[in-house]
Protein chains: 2
Amino acid sequence: MSKVKVAINGYGTIGKRVADAVSLQDDMEVLGVTKTKPTFEARLANDKGYPLYGISKESVKSFEEAGLKTEGVFDSLLEQADIIVDCTPGKVGAKNKEDLYIPKKLKAIYQGGEKASVGETSFVAQINYDSSIGKDHVRVVSCNTTGLSRAIGALSSKLSIGTVRAFLVRRSVDPRDSSKGPINAIIPDPLTVPSHHGPDIQTILPDLKVITSAVKVPTTLMHLHSLMVELKDDASESDVKNVLEQARRTKVLHSKEGFRSTAEVIEYARDLGRSRYDLYENMIWEDSIVVKDKEAYFFQGIAQESIVVPENIDAIRAVLELETDAEKSMDKTDKTLSI
Amino acid sequence: MSKVKVAINGYGTIGKRVADAVSLQDDMEVLGVTKTKPTFEARLANDKGYPLYGISKESVKSFEEAGLKTEGVFDSLLEQADIIVDCTPGKVGAKNKEDLYIPKKLKAIYQGGEKASVGETSFVAQINYDSSIGKDHVRVVSCNTTGLSRAIGALSSKLSIGTVRAFLVRRSVDPRDSSKGPINAIIPDPLTVPSHHGPDIQTILPDLKVITSAVKVPTTLMHLHSLMVELKDDASESDVKNVLEQARRTKVLHSKEGFRSTAEVIEYARDLGRSRYDLYENMIWEDSIVVKDKEAYFFQGIAQESIVVPENIDAIRAVLELETDAEKSMDKTDKTLSI
């Protein structure tokens, strides 16, 4: 089987994970990754054997000065790529689309930091894989939107649900970030409710009303969501549990096993031996699932660095029509990532 | 005017603040405060001139050994008191009620750490002052319940509201606590929704449906609440703003003045010169007030150490019938505390 050539633009938090996931697939390979500066992550690309490209001539020069092996400037990578996964910081992807990908007639996958309009479609594999098949520009949605869409999508596919209200307690920064805070504060962010997450979920689940409110707090490990889902029929607690348990890319936790907070959830991921202690699943507390007065409640943890990684792999398959059956693509992805 | 004699059982986070507030009133005085151990707070009682009592003979002995001035054991304080404000840790108040206050026919005020059943009434001054007039045992509700009751009570008194959903992002520990965490985690606490806060609010506002969900996060300064209030009529954003602005013991913040998080709110309290940078008011972000599709949204910060202090003062007046007009009591309290 010949492998499609994937170029990863931006070898950072998402890009380095996508590269590793791509390299685990039998139908795709990492053609190269880009970086602007000779950071430890650029060196990591060398060490892992991913061809390293500079975003500019200056980048290439800085790599050479740092003793890093480099294949040259980004442009030459683009010439050979079947698809780009754009993992650059928010809003840069949209610029790259106009300046590079469209002129070079390249297909591209974007991340959730971009506006929905960057893609012809927004993508969560288990909900709308089919709509991205053969498209040229597809946006994988953000970690929060992915996690909420999976859970709400699963519920709405099996039960009749009304308005959903979700509170997002967001980790303020990723574990790797030592420069930003807060150290001791709660930030309403955005300050107004409903937050932008609700409309973003509607790019995936257009027929549902989802109201979201979000804050940022001094933690790095995971986001935590508290969901309140109005039920239109008499679904029981075990109905809701069954749906969430059986949904793909969810994992149900039992607090009696010691899962008191996001800290224990991440410790569990470390014990699982997952690369970088990544969690690709919605981590749902089984004991938090309650149904009362026709409303369902539960808590879930979302690992912001990794939850979209399998989505990126599936999006590559959809866009390049490597697989037109969503379930088969996800089966393959999940098996390689030990989901 | 003769002053009523107030004994404060437990000179800790709440007790030391209530003592200072009592000493500012012209109709009450601090008869004495109790402490178990010769901590810096026991020494502070000496320095401030509050008669210090030991909770036991051993406590008195430890004070003497530490060179602290003490008036003896708690029992002798009880003999002379007109009222006890019980500021002991949660659940100890209920025990004190049975073991000490009832046998000695003493009136007492309890804090929100106790079950509602400890009091004949639960108390938030601006909502149900009258129901506690002349009672013997009254419970001032917790900081979160006080803050939510004030805001929701104000809205329900002026507008027709339906179900309220409130999400509580709780500070994990008080600033003085160096022994507990979390340092880097989000704890769903309690794990099940609705949390106990909703039913507790119904001890103050029995006719409203309030659903609450709560987490604990690594911060010490304030709690933050995100409220979602269903509106039964066509109230506008400015209607909601007006109600919240005009309510007693609320303060409206403007984000353009730099209030980005709870950190800036507390910095403001420090700049105000408030004792211990205490905030007795609900701190509501004006820019967060939104009305959309017959639902109102806003964020408020609640200073957990101090918000119930004015409530304790008013509760003393209600119980001892020093003032039967709630507004007059609150006017007096608010003036002395610069609210």
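Placement of Cβ uses the backbone N, Cα and C atoms for every residue, glycine included.
As written in TrEMBL, here are the features:
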ACT_SITE  A:Cys143  active site, nucleophile
BINDING   A:Thr13, A:Ile14, A:Gly113, A:Arg171, A:Gln304  NAD(+) binding site
BINDING   A:Ser142, A:Cys143, A:Asn144, A:His197, A:Gly198  D-glyceraldehyde 3-phosphate binding site
DOMAIN    A:4-143  domain 'Glyceraldehyde 3-phosphate dehydrogenase NAD(P) binding'
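On a Cα basis, A:Gln304 (NAD(+) binding site) lies 8 Å away from A:Ser142 (D-glyceraldehyde 3-phosphate binding site). As a whole-number mean, the pLDDT of the domain 'Glyceraldehyde 3-phosphate dehydrogenase NAD(P) binding' (A:4-143) in this prediction is 97. For the binding-site residues A:Arg171, A:His197, the greatest number of Cβ atoms within 10 Å around a candidate Cβ is found at A:Arg171.
The record gives A:Ser142, A:Cys143, A:Asn144, A:His197, A:Gly198 for D-glyceraldehyde 3-phosphate. Within 8 Å of the mean position of their Cβ atoms, the other Cβ atoms in that chain belong to A:Gly112, A:Val141, A:Thr145, A:Thr146, A:Gly147, A:Leu148, A:Leu168, A:His196, A:Asp200, A:Ile201, A:Thr212, A:Ala214. In the three-state DSSP reading, A:Arg171 (NAD(+) binding site) counts as strand. Secondary structure of the domain 'Glyceraldehyde 3-phosphate dehydrogenase NAD(P) binding' (A:4-143) per DSSP, as helix, strand and coil residue counts: 58 helix, 34 strand, 48 coil. Counting only residues at least six positions away in the same chain, the Cβ atoms of A:Cys87, A:Asp174, A:Arg176, A:Glu305 sit under 8 Å from the Cβ of A:Thr13 (NAD(+) binding site). A straight line from the CA of A:Gly113 (NAD(+) binding site) to the CA of the residue listed as 'active site, nucleophile' spans 10 Å.
For A:His197 (D-glyceraldehyde 3-phosphate binding site), the nearest neighbour among the listed recorded positions (A:Ile14, A:Cys143, A:Arg171, A:Gln304), judged by C-alpha distance, is A:Cys143.
Straight-line distance linking the Cα atoms of A:Ile14 (NAD(+) binding site) and A:Asn144 (D-glyceraldehyde 3-phosphate binding site), rounded to a whole number, equals 14 Å. Proximity note: of the listed binding-site residues (A:Arg171, A:Gly198, A:Gln304), A:Gln304 have a CA within 10 Å of the CA of A:Cys143 (active site, nucleophile), given in sequence order. Residues A:Thr13, A:Ile14, A:Gly113, A:Arg171, A:Gln304 are recorded as binding NAD(+); their most distant pair of Cα atoms lies 16 Å apart. Counting only residues at least six positions away in the same chain, the Cβ atoms of A:Leu168, A:Arg170, A:His197, A:Ala214, A:His223, A:His225, A:Ile302, A:Gln304 sit under 8 Å from the Cβ of A:Asn144 (D-glyceraldehyde 3-phosphate binding site). In this structure, the binding-site residues under consideration are A:Gly113, A:Gly198, and the one with the smallest number of other Cβ atoms within 10 Å of its Cβ is A:Gly113. Cβ proximity to the NAD(+) site centre (mean Cβ of A:Thr13, A:Ile14, A:Gly113, A:Arg171, A:Gln304, cutoff 8 Å) flags the following additional same-chain residues: A:Cys143, A:Asp174, A:Glu305. For the pair A:Gly198 (D-glyceraldehyde 3-phosphate binding site) and A:Arg171 (NAD(+) binding site), the C-alpha distance works out to 18 angstrom. Between the farthest pair of Cα atoms in the D-glyceraldehyde 3-phosphate binding residues (A:Ser142, A:Cys143, A:Asn144, A:His197, A:Gly198), the distance is 13 Å.
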